[in-house]
Amino acid sequence: MTAIKLIVGLGNPGAEYEQTRHNAGALFVERIAHAQGINLVADRKYFGLTGRFSHQGQDVRLLIPTTYMNRSGQAVAALAGFFRIKPEEILVAHDELDLPPGVAKLKLGGGHGGHNGLRDIIAQLGNQNNFYRLRLGIGHPGVASMVSNFVLGRAPRAEQEKLDASIDFVLGVLPDIFAGEWNRAMKNLHSQKA
């Protein structure tokens, strides 16, 4: 049972990307920081916004890379390397085209599925892909050629409300995630209705 020591929220930096679908992971980490009453601060050493809190005596670090999505691994590798955090102690939250809005799923390992942030993290961790992923459903535009504009666009209010509700649900299973109770966390999360 592996406890999580680092939670990464993927997104793109800058006000123009703040509320876009591609920043679902960053939104998740912001919500954790708010719930824990901590501020995320810019740290050039780790190429991102960072924060730290303690859960039952265990340090948990938060990271939102301030690199663009396709360089997210630079931030993850810098922070994980400095604090000697193993890939299996990392949870990466990211937007997921293959899940509808309002659905969130946990997964250990696997490929990048075309997600440039995951692709770079895997590469920067020395081709190790055995980190946990929180896949936050954003839906799919239906046509591959529309994906880029879709993920970089803002979700309509109804879709955003579903994403917010799924993040709230995940926040409720965080104690299991922090404790390394992955089977229980997955069972609870995967029984959620969109």
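Including glycine, each Cβ sits where the backbone N, Cα and C put it.
Of the residues proposed, Asn116, Asn127, the one Swiss-Prot records at the same tRNA site as Tyr17, Tyr68, Asn70 is Asn116.
Comparing local CB density within 10 A for the binding-site residues Tyr17, Tyr68, the maximum falls on Tyr17. Considering only the recorded positions Asn12, His22, Asp95, the residue whose Cα is spatially closest to the Cα of Asn70 (tRNA binding site) is Asn12. The maximum pairwise C-alpha distance among Tyr17, Tyr68, Asn70, Asn116, the residues recorded as binding tRNA, is 16 Å. The tRNA site is defined by Tyr17, Tyr68, Asn70, Asn116, and by the 8 Å test on Cβ atoms against their centroid, the other residues of the chain that qualify are Asn12, His22, Thr67, Met69, Arg71, Ser72, Gly117.
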